[in-house]
Amino acid sequence: MPCRLDVPHNLMFGKWKYEKPDGSPVFIAFRSSTKKSVQYDDVPEYKDRLSLSENYTLSISNARISDEKRFVCMLVTEDNVFEAPTTVKVFKQPSKPEIVSKAPFLETEQLKQLGDCISKDSYPDGNITWYRNGKVLQPLEGVVVIIFKKQMDPVTQLYTMTSSLEYKATKADIQMPFTCSVTYFGPSGQKTVHSEQAIFDIYYPTEQVTIQVLPSKNAIKEGDNITLKCLGNGNPPPEEFLFYLPGQPEGIRSSNTYTLTDVRRNATGDYKCSLIDKRSMIASTAITVHYLDLSLNPSGEVTKQIGDALPVSCTISASRNATVVWMKDNIRLRSSPSFSSLHYQDAGNYVCETALQEVEGLKKRESLTLIVEGKPQIKMTKKTDPSGLSKTIICHVEGFPKPAIQWTITGSGSVINQTEESPYINGRYYSKIIISPEENVTLTCTAENQLERTVNSLNVSAISIPEHDEADEISDENREKVNDQAKLIVGIVVGLLLAALVAGVVYWLYMKKSKTASKHVNKDLGNLEENKKLEENNHKTEA
(Lines of atoms letter the chains of each structure in order from A and count residues from 1; the text may use other names and numbers.)
(Lines give C-alpha, C1' and ligand atoms only; values in the text may rest on other atoms or scores of the structure.)
Protein backbone atom coordinates (compact mmCIF):
# COMPACT_ATOMS: atom_id res chain seq x y z
CA MET A 1 0.00 0.00 0.00
CA PRO A 2 1.82 3.17 -1.16
CA CYS A 3 1.71 6.13 1.15
CA ARG A 4 -0.36 8.56 -0.81
CA LEU A 5 1.47 11.65 0.50
CA ASP A 6 4.32 13.74 -0.76
CA VAL A 7 7.24 13.37 1.63
CA PRO A 8 7.99 16.81 3.25
CA HIS A 9 11.61 17.99 3.39
CA ASN A 10 11.49 18.41 7.18
CA LEU A 11 10.06 14.92 7.80
CA MET A 12 10.91 13.42 11.12
CA PHE A 13 9.37 9.92 10.74
CA GLY A 14 6.53 8.00 9.19
CA LYS A 15 4.04 5.59 10.75
CA TRP A 16 1.30 3.20 9.67
CA LYS A 17 -1.81 2.32 11.65
CA TYR A 18 -5.15 0.68 11.10
CA GLU A 19 -8.49 1.60 12.59
CA LYS A 20 -10.61 -0.76 14.63
CA PRO A 21 -14.33 -0.95 14.04
CA ASP A 22 -14.84 1.46 16.91
CA GLY A 23 -12.43 3.94 15.29
CA SER A 24 -9.52 3.54 17.76
CA PRO A 25 -6.08 3.30 16.11
CA VAL A 26 -3.60 0.44 16.27
CA PHE A 27 -0.02 1.37 15.24
CA ILE A 28 1.82 -1.33 13.39
CA ALA A 29 5.00 0.17 11.78
CA PHE A 30 7.45 3.09 12.34
CA ARG A 31 10.33 4.43 10.25
CA SER A 32 12.69 7.32 11.12
CA SER A 33 13.75 9.65 8.36
CA THR A 34 17.25 10.01 9.80
CA LYS A 35 18.21 6.62 11.16
CA LYS A 36 16.68 4.67 8.29
CA SER A 37 15.60 2.06 10.77
CA VAL A 38 12.16 0.33 10.85
CA GLN A 39 10.30 -0.72 13.94
CA TYR A 40 7.21 -2.93 13.92
CA ASP A 41 4.75 -2.80 16.76
CA ASP A 42 3.89 -5.89 18.70
CA VAL A 43 0.65 -6.76 16.95
CA PRO A 44 0.26 -10.56 16.86
CA GLU A 45 -1.85 -10.81 13.72
CA TYR A 46 0.85 -8.97 11.73
CA LYS A 47 3.88 -10.64 13.18
CA ASP A 48 6.41 -11.35 10.44
CA ARG A 49 3.98 -10.23 7.74
CA LEU A 50 4.88 -6.50 7.43
CA SER A 51 7.48 -4.68 5.37
CA LEU A 52 7.93 -0.87 5.23
CA SER A 53 10.06 0.56 2.42
CA GLU A 54 12.06 3.83 2.33
CA ASN A 55 9.25 5.62 0.51
CA TYR A 56 6.93 4.43 3.25
CA THR A 57 5.11 1.83 1.15
CA LEU A 58 3.65 -0.84 3.42
CA SER A 59 3.50 -4.45 2.23
CA ILE A 60 1.48 -7.21 3.94
CA SER A 61 2.28 -10.79 3.02
CA ASN A 62 0.00 -13.84 3.25
CA ALA A 63 -3.16 -11.77 3.06
CA ARG A 64 -6.03 -12.73 5.31
CA ILE A 65 -9.69 -11.88 5.49
CA SER A 66 -8.89 -9.92 8.66
CA ASP A 67 -6.67 -7.61 6.63
CA GLU A 68 -9.82 -6.04 5.20
CA LYS A 69 -9.44 -2.75 7.15
CA ARG A 70 -8.83 0.97 6.81
CA PHE A 71 -5.08 1.62 6.96
CA VAL A 72 -3.60 5.12 7.46
CA CYS A 73 -0.15 6.40 6.44
CA MET A 74 1.11 9.17 8.78
CA LEU A 75 4.06 11.50 7.98
CA VAL A 76 5.14 13.63 10.95
CA THR A 77 7.14 16.91 10.88
CA GLU A 78 8.06 19.22 13.72
CA ASP A 79 4.98 21.28 13.28
CA ASN A 80 2.45 19.04 11.51
CA VAL A 81 1.08 15.52 10.94
CA PHE A 82 -0.08 14.41 7.49
CA GLU A 83 -2.41 11.39 7.04
CA ALA A 84 -3.55 9.39 3.98
CA PRO A 85 -6.02 6.50 4.43
CA THR A 86 -6.15 3.30 2.27
CA THR A 87 -9.09 0.90 2.44
CA VAL A 88 -8.16 -2.72 1.77
CA LYS A 89 -10.66 -5.21 0.27
CA VAL A 90 -9.78 -8.91 0.32
CA PHE A 91 -11.17 -11.44 -2.22
CA LYS A 92 -11.04 -15.25 -2.33
CA GLN A 93 -12.16 -17.17 -5.43
CA PRO A 94 -14.47 -20.02 -4.45
CA SER A 95 -13.86 -23.62 -5.44
CA LYS A 96 -15.45 -25.00 -8.61
CA PRO A 97 -19.07 -25.85 -7.81
CA GLU A 98 -19.92 -29.52 -7.55
CA ILE A 99 -23.25 -31.36 -7.59
CA VAL A 100 -23.30 -33.75 -4.63
CA SER A 101 -25.88 -35.97 -2.96
CA LYS A 102 -27.26 -36.71 -6.43
CA ALA A 103 -30.49 -38.68 -6.66
CA PRO A 104 -30.02 -42.15 -8.16
CA PHE A 105 -33.05 -41.47 -10.34
CA LEU A 106 -35.92 -39.03 -10.82
CA GLU A 107 -39.57 -39.98 -11.19
CA THR A 108 -42.10 -38.29 -13.40
CA GLU A 109 -44.90 -36.43 -11.65
CA GLN A 110 -43.01 -36.52 -8.34
CA LEU A 111 -41.16 -33.63 -6.72
CA LYS A 112 -37.87 -35.16 -5.66
CA GLN A 113 -34.50 -34.00 -4.31
CA LEU A 114 -32.21 -33.82 -7.34
CA GLY A 115 -29.01 -32.87 -5.51
CA ASP A 116 -26.97 -30.16 -3.79
CA CYS A 117 -24.68 -27.71 -5.53
CA ILE A 118 -21.82 -26.73 -3.23
CA SER A 119 -18.97 -24.20 -3.61
CA LYS A 120 -16.41 -23.66 -0.83
CA ASP A 121 -13.88 -21.09 0.46
CA SER A 122 -15.31 -17.92 -1.03
CA TYR A 123 -14.89 -14.36 0.10
CA PRO A 124 -17.06 -12.53 -0.04
CA ASP A 125 -19.91 -14.99 -0.38
CA GLY A 126 -21.23 -15.85 -3.87
CA ASN A 127 -24.51 -16.92 -5.41
CA ILE A 128 -25.48 -20.29 -6.92
CA THR A 129 -27.66 -20.79 -10.03
CA TRP A 130 -29.14 -24.04 -11.42
CA TYR A 131 -29.43 -24.84 -15.14
CA ARG A 132 -31.33 -27.43 -17.19
CA ASN A 133 -29.83 -27.99 -20.63
CA GLY A 134 -28.02 -24.66 -20.33
CA LYS A 135 -31.12 -22.66 -19.37
CA VAL A 136 -31.59 -21.09 -15.93
CA LEU A 137 -34.03 -22.90 -13.66
CA GLN A 138 -36.40 -20.47 -11.95
CA PRO A 139 -38.35 -21.48 -8.85
CA LEU A 140 -41.85 -22.75 -9.67
CA GLU A 141 -44.16 -24.01 -6.98
CA GLY A 142 -44.46 -27.77 -7.02
CA VAL A 143 -42.00 -28.12 -9.90
CA VAL A 144 -38.74 -26.34 -9.05
CA VAL A 145 -37.84 -25.67 -5.44
CA ILE A 146 -34.43 -24.11 -4.67
CA ILE A 147 -33.11 -23.65 -1.12
CA PHE A 148 -29.92 -21.57 -0.77
CA LYS A 149 -27.77 -21.25 2.33
CA LYS A 150 -24.29 -19.98 3.15
CA GLN A 151 -22.00 -20.65 6.07
CA MET A 152 -18.84 -18.81 7.21
CA ASP A 153 -15.90 -20.61 8.78
CA PRO A 154 -15.20 -18.76 12.07
CA VAL A 155 -11.48 -19.42 11.71
CA THR A 156 -10.85 -18.62 8.05
CA GLN A 157 -13.88 -16.37 7.65
CA LEU A 158 -14.41 -18.01 4.25
CA TYR A 159 -17.90 -18.81 3.00
CA THR A 160 -19.34 -22.12 1.83
CA MET A 161 -22.46 -21.79 -0.37
CA THR A 162 -24.94 -24.65 -0.77
CA SER A 163 -28.02 -24.75 -3.03
CA SER A 164 -30.47 -27.67 -2.84
CA LEU A 165 -32.72 -28.41 -5.84
CA GLU A 166 -36.02 -30.27 -5.70
CA TYR A 167 -37.35 -31.07 -9.17
CA LYS A 168 -40.42 -32.72 -10.72
CA ALA A 169 -39.16 -34.58 -13.78
CA THR A 170 -40.94 -35.40 -17.04
CA LYS A 171 -40.06 -37.76 -19.90
CA ALA A 172 -38.57 -34.72 -21.65
CA ASP A 173 -35.78 -34.80 -19.04
CA ILE A 174 -34.40 -38.10 -20.38
CA GLN A 175 -30.69 -37.59 -21.15
CA MET A 176 -31.06 -33.90 -20.22
CA PRO A 177 -27.95 -32.35 -18.57
CA PHE A 178 -28.24 -30.43 -15.28
CA THR A 179 -25.51 -28.03 -14.12
CA CYS A 180 -24.98 -25.31 -11.52
CA SER A 181 -22.71 -22.26 -11.28
CA VAL A 182 -21.33 -19.94 -8.63
CA THR A 183 -21.12 -16.20 -9.23
CA TYR A 184 -18.66 -14.23 -7.09
CA PHE A 185 -16.83 -10.89 -7.01
CA GLY A 186 -13.09 -10.49 -7.51
CA PRO A 187 -10.70 -7.55 -7.88
CA SER A 188 -11.68 -7.22 -11.55
CA GLY A 189 -15.43 -7.59 -11.05
CA GLN A 190 -18.05 -10.34 -11.21
CA LYS A 191 -17.09 -13.83 -12.37
CA THR A 192 -18.88 -17.19 -12.85
CA VAL A 193 -17.64 -20.78 -12.60
CA HIS A 194 -19.72 -23.74 -13.80
CA SER A 195 -19.93 -27.30 -12.50
CA GLU A 196 -19.70 -30.51 -14.49
CA GLN A 197 -22.88 -31.88 -16.09
CA ALA A 198 -25.07 -34.37 -14.29
CA ILE A 199 -27.53 -36.61 -16.18
CA PHE A 200 -30.20 -38.47 -14.25
CA ASP A 201 -32.06 -41.67 -14.96
CA ILE A 202 -35.74 -40.75 -15.37
CA TYR A 203 -38.27 -43.26 -14.09
CA TYR A 204 -41.71 -43.22 -15.70
CA PRO A 205 -44.62 -45.67 -15.64
CA THR A 206 -45.48 -48.07 -18.47
CA GLU A 207 -48.00 -46.61 -20.86
CA GLN A 208 -48.06 -49.38 -23.46
CA VAL A 209 -47.48 -53.13 -23.52
CA THR A 210 -46.27 -55.06 -26.56
CA ILE A 211 -45.90 -58.78 -27.15
CA GLN A 212 -43.33 -60.50 -29.34
CA VAL A 213 -43.11 -64.08 -30.62
CA LEU A 214 -39.83 -65.91 -31.06
CA PRO A 215 -39.13 -67.34 -33.58
CA SER A 216 -41.06 -65.30 -36.15
CA LYS A 217 -44.72 -66.21 -35.85
CA ASN A 218 -44.95 -66.67 -39.63
CA ALA A 219 -42.71 -69.73 -39.49
CA ILE A 220 -43.98 -71.73 -36.51
CA LYS A 221 -44.60 -75.41 -37.16
CA GLU A 222 -45.65 -78.37 -35.08
CA GLY A 223 -42.89 -79.50 -32.74
CA ASP A 224 -41.36 -76.04 -32.38
CA ASN A 225 -40.82 -74.21 -29.11
CA ILE A 226 -42.49 -70.78 -28.87
CA THR A 227 -41.23 -68.01 -26.61
CA LEU A 228 -43.61 -65.16 -25.84
CA LYS A 229 -41.90 -61.94 -24.78
CA CYS A 230 -43.87 -59.14 -23.15
CA LEU A 231 -42.44 -55.62 -23.00
CA GLY A 232 -43.56 -52.45 -21.26
CA ASN A 233 -42.33 -49.02 -22.39
CA GLY A 234 -41.81 -47.75 -18.84
CA ASN A 235 -38.52 -47.12 -17.06
CA PRO A 236 -37.54 -49.30 -15.43
CA PRO A 237 -39.45 -51.84 -17.56
CA PRO A 238 -41.81 -54.19 -15.75
CA GLU A 239 -40.20 -57.44 -14.65
CA GLU A 240 -43.34 -59.57 -14.37
CA PHE A 241 -46.43 -59.99 -16.52
CA LEU A 242 -49.56 -62.09 -16.85
CA PHE A 243 -49.69 -64.31 -19.95
CA TYR A 244 -53.04 -65.48 -21.32
CA LEU A 245 -53.16 -68.62 -23.51
CA PRO A 246 -56.01 -69.43 -25.93
CA GLY A 247 -59.01 -70.78 -24.09
CA GLN A 248 -57.59 -69.96 -20.65
CA PRO A 249 -59.24 -66.97 -18.94
CA GLU A 250 -56.77 -66.95 -16.04
CA GLY A 251 -53.38 -65.40 -16.68
CA ILE A 252 -50.10 -67.14 -15.92
CA ARG A 253 -47.70 -65.04 -13.87
CA SER A 254 -44.19 -65.06 -15.26
CA SER A 255 -41.16 -62.94 -16.01
CA ASN A 256 -41.17 -61.02 -19.27
CA THR A 257 -40.87 -64.31 -21.22
CA TYR A 258 -43.02 -67.44 -21.33
CA THR A 259 -42.07 -70.54 -23.35
CA LEU A 260 -44.30 -73.25 -24.81
CA THR A 261 -42.55 -76.44 -25.88
CA ASP A 262 -43.38 -78.91 -28.66
CA VAL A 263 -46.48 -77.02 -29.80
CA ARG A 264 -49.26 -78.72 -31.74
CA ARG A 265 -51.78 -77.34 -34.21
CA ASN A 266 -54.33 -76.83 -31.44
CA ALA A 267 -52.02 -74.16 -30.04
CA THR A 268 -53.17 -71.84 -32.86
CA GLY A 269 -54.97 -68.81 -31.45
CA ASP A 270 -54.66 -65.40 -29.77
CA TYR A 271 -52.00 -64.91 -27.10
CA LYS A 272 -52.08 -61.96 -24.70
CA CYS A 273 -50.06 -60.40 -21.90
CA SER A 274 -50.75 -57.60 -19.43
CA LEU A 275 -49.28 -55.80 -16.45
CA ILE A 276 -49.88 -57.49 -13.13
CA ASP A 277 -51.13 -54.36 -11.40
CA LYS A 278 -52.94 -52.90 -14.42
CA ARG A 279 -54.64 -55.71 -16.30
CA SER A 280 -56.48 -53.35 -18.61
CA MET A 281 -53.14 -52.55 -20.26
CA ILE A 282 -52.92 -55.60 -22.51
CA ALA A 283 -51.32 -56.66 -25.79
CA SER A 284 -52.25 -59.57 -28.04
CA THR A 285 -50.98 -61.42 -31.11
CA ALA A 286 -52.35 -64.21 -33.27
CA ILE A 287 -50.20 -67.30 -33.75
CA THR A 288 -50.71 -70.01 -36.36
CA VAL A 289 -48.99 -73.32 -35.76
CA HIS A 290 -48.45 -74.67 -39.25
CA TYR A 291 -48.94 -78.37 -39.87
CA LEU A 292 -48.61 -80.73 -42.80
CA ASP A 293 -50.08 -84.24 -43.06
CA LEU A 294 -49.47 -86.66 -45.90
CA SER A 295 -51.20 -89.97 -46.48
CA LEU A 296 -50.08 -92.23 -49.35
CA ASN A 297 -52.34 -95.15 -50.24
CA PRO A 298 -51.00 -97.70 -50.84
CA SER A 299 -47.54 -97.23 -49.36
CA GLY A 300 -44.56 -99.37 -48.54
CA GLU A 301 -43.85 -102.39 -50.74
CA VAL A 302 -46.71 -103.49 -52.96
CA THR A 303 -46.64 -106.50 -55.33
CA LYS A 304 -49.15 -106.67 -58.17
CA GLN A 305 -49.64 -108.83 -61.25
CA ILE A 306 -49.12 -107.49 -64.72
CA GLY A 307 -52.36 -106.12 -66.17
CA ASP A 308 -53.84 -105.37 -62.73
CA ALA A 309 -55.28 -101.96 -61.92
CA LEU A 310 -53.77 -100.01 -59.03
CA PRO A 311 -55.33 -96.75 -57.82
CA VAL A 312 -52.79 -94.52 -56.01
CA SER A 313 -53.74 -91.49 -53.89
CA CYS A 314 -51.57 -88.98 -52.04
CA THR A 315 -53.79 -86.98 -49.66
CA ILE A 316 -52.49 -83.70 -48.21
CA SER A 317 -53.84 -81.83 -45.18
CA ALA A 318 -52.07 -78.57 -44.33
CA SER A 319 -52.49 -75.20 -42.64
CA ARG A 320 -52.12 -73.51 -46.04
CA ASN A 321 -51.63 -74.49 -49.68
CA ALA A 322 -48.83 -77.01 -50.08
CA THR A 323 -46.81 -78.07 -53.11
CA VAL A 324 -46.86 -81.74 -54.14
CA VAL A 325 -44.13 -83.47 -56.15
CA TRP A 326 -44.07 -87.05 -57.41
CA MET A 327 -40.78 -88.83 -58.04
CA LYS A 328 -40.06 -92.20 -59.59
CA ASP A 329 -36.59 -93.63 -59.07
CA ASN A 330 -35.34 -90.08 -58.24
CA ILE A 331 -36.80 -88.64 -61.46
CA ARG A 332 -39.57 -86.06 -61.17
CA LEU A 333 -42.90 -87.01 -62.73
CA ARG A 334 -45.10 -84.55 -64.56
CA SER A 335 -48.27 -85.83 -62.89
CA SER A 336 -49.36 -88.23 -60.21
CA PRO A 337 -49.20 -91.89 -61.22
CA SER A 338 -52.32 -93.84 -62.14
CA PHE A 339 -52.36 -97.47 -63.22
CA SER A 340 -55.38 -98.90 -65.04
CA SER A 341 -53.33 -101.81 -66.39
CA LEU A 342 -49.90 -102.41 -64.95
CA HIS A 343 -46.84 -102.96 -67.11
CA TYR A 344 -43.44 -104.15 -66.10
CA GLN A 345 -42.02 -100.67 -66.73
CA ASP A 346 -44.42 -99.31 -64.09
CA ALA A 347 -42.40 -101.04 -61.37
CA GLY A 348 -40.15 -98.80 -59.30
CA ASN A 349 -39.82 -96.64 -56.20
CA TYR A 350 -42.43 -93.85 -56.09
CA VAL A 351 -42.20 -90.93 -53.65
CA CYS A 352 -44.90 -88.38 -52.89
CA GLU A 353 -43.32 -85.29 -51.33
CA THR A 354 -45.07 -82.16 -50.07
CA ALA A 355 -43.86 -78.95 -48.46
CA LEU A 356 -45.00 -75.54 -47.22
CA GLN A 357 -42.74 -73.08 -49.00
CA GLU A 358 -43.25 -70.30 -46.43
CA VAL A 359 -42.33 -72.50 -43.46
CA GLU A 360 -38.74 -73.66 -43.45
CA GLY A 361 -38.25 -77.32 -42.67
CA LEU A 362 -41.92 -78.33 -42.97
CA LYS A 363 -41.76 -81.24 -45.41
CA LYS A 364 -43.36 -84.69 -45.54
CA ARG A 365 -42.75 -87.63 -47.85
CA GLU A 366 -43.95 -91.21 -48.19
CA SER A 367 -42.85 -93.87 -50.63
CA LEU A 368 -44.38 -96.74 -52.56
CA THR A 369 -42.21 -99.55 -53.87
CA LEU A 370 -44.19 -101.16 -56.67
CA ILE A 371 -43.30 -104.65 -57.84
CA VAL A 372 -45.06 -105.92 -60.99
CA GLU A 373 -44.95 -109.72 -61.28
CA GLY A 374 -45.84 -111.85 -64.28
CA LYS A 375 -45.59 -115.44 -65.50
CA PRO A 376 -43.03 -116.04 -68.20
CA GLN A 377 -44.24 -115.35 -71.77
CA ILE A 378 -42.22 -116.69 -74.71
CA LYS A 379 -41.99 -115.78 -78.40
CA MET A 380 -39.46 -117.40 -80.70
CA THR A 381 -38.08 -116.03 -83.98
CA LYS A 382 -35.59 -117.30 -86.57
CA LYS A 383 -33.45 -115.65 -89.20
CA THR A 384 -31.12 -117.07 -91.86
CA ASP A 385 -27.72 -115.48 -92.20
CA PRO A 386 -27.19 -113.76 -95.62
CA SER A 387 -24.30 -116.17 -96.27
CA GLY A 388 -26.74 -119.07 -95.92
CA LEU A 389 -24.36 -120.94 -93.60
CA SER A 390 -26.18 -120.39 -90.29
CA LYS A 391 -29.46 -119.52 -88.71
CA THR A 392 -30.12 -117.34 -85.67
CA ILE A 393 -32.82 -118.43 -83.26
CA ILE A 394 -34.04 -115.91 -80.67
CA CYS A 395 -36.18 -116.69 -77.60
CA HIS A 396 -37.93 -113.48 -76.40
CA VAL A 397 -39.02 -113.81 -72.78
CA GLU A 398 -41.18 -111.52 -70.68
CA GLY A 399 -41.85 -111.96 -66.97
CA PHE A 400 -40.94 -110.98 -63.41
CA PRO A 401 -39.09 -112.11 -61.38
CA LYS A 402 -36.55 -112.57 -64.15
CA PRO A 403 -37.17 -115.96 -65.75
CA ALA A 404 -34.22 -118.27 -66.35
CA ILE A 405 -33.91 -119.40 -70.01
CA GLN A 406 -32.86 -122.91 -71.04
CA TRP A 407 -32.44 -124.23 -74.61
CA THR A 408 -33.06 -127.78 -75.83
CA ILE A 409 -32.22 -128.97 -79.38
CA THR A 410 -33.75 -132.08 -80.97
CA GLY A 411 -31.93 -133.23 -84.12
CA SER A 412 -28.41 -132.90 -85.49
CA GLY A 413 -26.53 -129.69 -86.10
CA SER A 414 -23.72 -127.73 -84.59
CA VAL A 415 -24.45 -125.01 -82.01
CA ILE A 416 -22.20 -122.06 -82.78
CA ASN A 417 -23.20 -119.84 -79.79
CA GLN A 418 -25.97 -120.27 -77.27
CA THR A 419 -24.90 -117.97 -74.43
CA GLU A 420 -25.62 -114.51 -75.82
CA GLU A 421 -28.31 -112.68 -73.81
CA SER A 422 -29.65 -109.14 -73.92
CA PRO A 423 -29.96 -106.90 -70.81
CA TYR A 424 -33.06 -107.48 -68.68
CA ILE A 425 -35.10 -104.26 -69.02
CA ASN A 426 -38.71 -103.64 -67.96
CA GLY A 427 -39.35 -107.37 -67.50
CA ARG A 428 -38.04 -108.36 -70.95
CA TYR A 429 -34.92 -109.87 -72.44
CA TYR A 430 -33.95 -112.47 -74.98
CA SER A 431 -31.53 -115.35 -75.45
CA LYS A 432 -30.00 -116.01 -78.88
CA ILE A 433 -28.27 -119.03 -80.41
CA ILE A 434 -26.73 -119.49 -83.84
CA ILE A 435 -26.91 -122.97 -85.41
CA SER A 436 -26.05 -124.64 -88.71
CA PRO A 437 -28.54 -127.60 -88.89
CA GLU A 438 -27.75 -130.49 -91.25
CA GLU A 439 -31.35 -131.67 -91.06
CA ASN A 440 -34.64 -130.38 -89.73
CA VAL A 441 -34.41 -129.74 -85.97
CA THR A 442 -36.67 -128.58 -83.17
CA LEU A 443 -35.50 -125.95 -80.70
CA THR A 444 -37.23 -125.69 -77.36
CA CYS A 445 -36.97 -122.55 -75.14
CA THR A 446 -37.89 -122.99 -71.49
CA ALA A 447 -38.42 -119.90 -69.26
CA GLU A 448 -39.02 -120.35 -65.55
CA ASN A 449 -39.45 -118.04 -62.56
CA GLN A 450 -41.07 -118.40 -59.14
CA LEU A 451 -44.53 -118.12 -60.64
CA GLU A 452 -44.50 -120.64 -63.49
CA ARG A 453 -42.49 -122.64 -65.99
CA THR A 454 -43.26 -121.92 -69.67
CA VAL A 455 -42.08 -123.91 -72.70
CA ASN A 456 -42.16 -123.01 -76.40
CA SER A 457 -40.71 -124.84 -79.44
CA LEU A 458 -39.73 -123.81 -82.97
CA ASN A 459 -39.06 -126.08 -85.99
CA VAL A 460 -36.02 -125.10 -88.03
CA SER A 461 -35.31 -126.56 -91.48
CA ALA A 462 -31.92 -127.83 -92.53
CA ILE A 463 -29.52 -125.21 -93.79
CA SER A 464 -29.92 -126.56 -97.32
CA ILE A 465 -33.68 -125.93 -97.29
CA PRO A 466 -34.79 -122.32 -97.73
CA GLU A 467 -37.59 -121.10 -95.46
CA HIS A 468 -39.44 -117.94 -94.50
CA ASP A 469 -37.81 -115.90 -91.71
CA GLU A 470 -39.93 -114.60 -88.82
CA ALA A 471 -39.64 -110.95 -87.81
CA ASP A 472 -37.81 -110.09 -84.62
CA GLU A 473 -39.67 -108.89 -81.59
CA ILE A 474 -39.81 -105.09 -81.43
CA SER A 475 -37.99 -103.79 -78.42
CA ASP A 476 -39.55 -101.28 -76.03
CA GLU A 477 -37.26 -98.55 -77.30
CA ASN A 478 -38.07 -99.28 -80.95
CA ARG A 479 -41.73 -99.62 -80.07
CA GLU A 480 -41.64 -96.11 -78.57
CA LYS A 481 -39.95 -94.80 -81.74
CA VAL A 482 -42.63 -96.48 -83.88
CA ASN A 483 -45.33 -94.97 -81.68
CA ASP A 484 -43.74 -91.54 -82.03
CA GLN A 485 -43.57 -91.94 -85.79
CA ALA A 486 -47.20 -93.07 -85.87
CA LYS A 487 -48.21 -90.02 -83.83
CA LEU A 488 -46.32 -87.80 -86.27
CA ILE A 489 -48.05 -89.39 -89.27
CA VAL A 490 -51.47 -89.06 -87.63
CA GLY A 491 -50.73 -85.42 -86.90
CA ILE A 492 -49.76 -84.76 -90.52
CA VAL A 493 -52.90 -86.51 -91.83
CA VAL A 494 -55.15 -84.58 -89.46
CA GLY A 495 -53.47 -81.35 -90.55
CA LEU A 496 -54.03 -82.18 -94.25
CA LEU A 497 -57.68 -83.04 -93.59
CA LEU A 498 -58.23 -79.71 -91.81
CA ALA A 499 -56.55 -77.84 -94.69
CA ALA A 500 -58.75 -79.69 -97.21
CA LEU A 501 -61.84 -78.86 -95.15
CA VAL A 502 -60.96 -75.16 -95.07
CA ALA A 503 -60.28 -75.19 -98.85
CA GLY A 504 -63.65 -76.93 -99.47
CA VAL A 505 -65.53 -74.31 -97.41
CA VAL A 506 -63.83 -71.48 -99.31
CA TYR A 507 -64.63 -73.12 -102.66
CA TRP A 508 -68.26 -73.66 -101.63
CA LEU A 509 -68.63 -70.00 -100.67
CA TYR A 510 -67.04 -68.98 -103.97
CA MET A 511 -69.42 -71.16 -106.00
CA LYS A 512 -72.39 -69.89 -104.07
CA LYS A 513 -71.52 -66.32 -104.94
CA SER A 514 -70.95 -67.31 -108.61
CA LYS A 515 -74.42 -68.93 -108.90
CA THR A 516 -76.05 -65.86 -107.45
CA ALA A 517 -74.35 -63.67 -110.04
CA SER A 518 -75.43 -66.04 -112.85
CA LYS A 519 -79.04 -65.79 -111.78
CA HIS A 520 -78.89 -62.02 -112.00
CA VAL A 521 -77.37 -62.23 -115.52
CA ASN A 522 -80.01 -64.74 -116.76
CA LYS A 523 -82.72 -62.55 -115.37
CA ASP A 524 -81.40 -59.57 -117.29
CA LEU A 525 -81.12 -61.62 -120.51
CA GLY A 526 -84.72 -62.79 -120.12
CA ASN A 527 -85.92 -59.24 -119.85
CA LEU A 528 -84.13 -58.36 -123.11
CA GLU A 529 -85.83 -61.23 -125.02
CA GLU A 530 -89.26 -60.20 -123.74
CA ASN A 531 -88.64 -56.65 -124.92
CA LYS A 532 -87.67 -57.90 -128.41
CA LYS A 533 -90.89 -59.98 -128.68
CA LEU A 534 -92.98 -56.99 -127.64
CA GLU A 535 -91.35 -54.86 -130.32
CA GLU A 536 -92.03 -57.52 -133.01
CA ASN A 537 -95.68 -57.72 -132.01
CA ASN A 538 -95.96 -53.97 -132.19
CA HIS A 539 -94.53 -53.96 -135.73
CA LYS A 540 -97.03 -56.64 -136.82
CA THR A 541 -99.95 -54.65 -135.44
CA GLU A 542 -98.84 -51.54 -137.26
CA ALA A 543 -98.55 -53.43 -140.56
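Glycine residues also receive a Cβ, built from the backbone N, Cα and C atoms like all the rest.
As given in TrEMBL:
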- 97-194: domain 'Ig-like' (DOMAIN)
- 205-288: domain 'Ig-like' (DOMAIN)
- 307-369: domain 'Ig-like' (DOMAIN)
- 376-461: domain 'Ig-like' (DOMAIN)
- 488-510: transmembrane segment (TRANSMEM)
Exercise. With DSSP helix as H/G/I and strand as E/B, how many residues of the domain 'Ig-like' (205-288) fall in helix, strand and coil?
Worked result: 6 helix, 39 strand, 39 coil
Seminar exercise, completed: Residue counts for the domain 'Ig-like' (97-194) under DSSP, helix then strand then coil, are 3 helix, 62 strand, 33 coil
Exercise. In the domain 'Ig-like' (307-369), how many residues does DSSP assign to helix, to strand and to coil?
Worked result: 3 helix, 31 strand, 29 coil
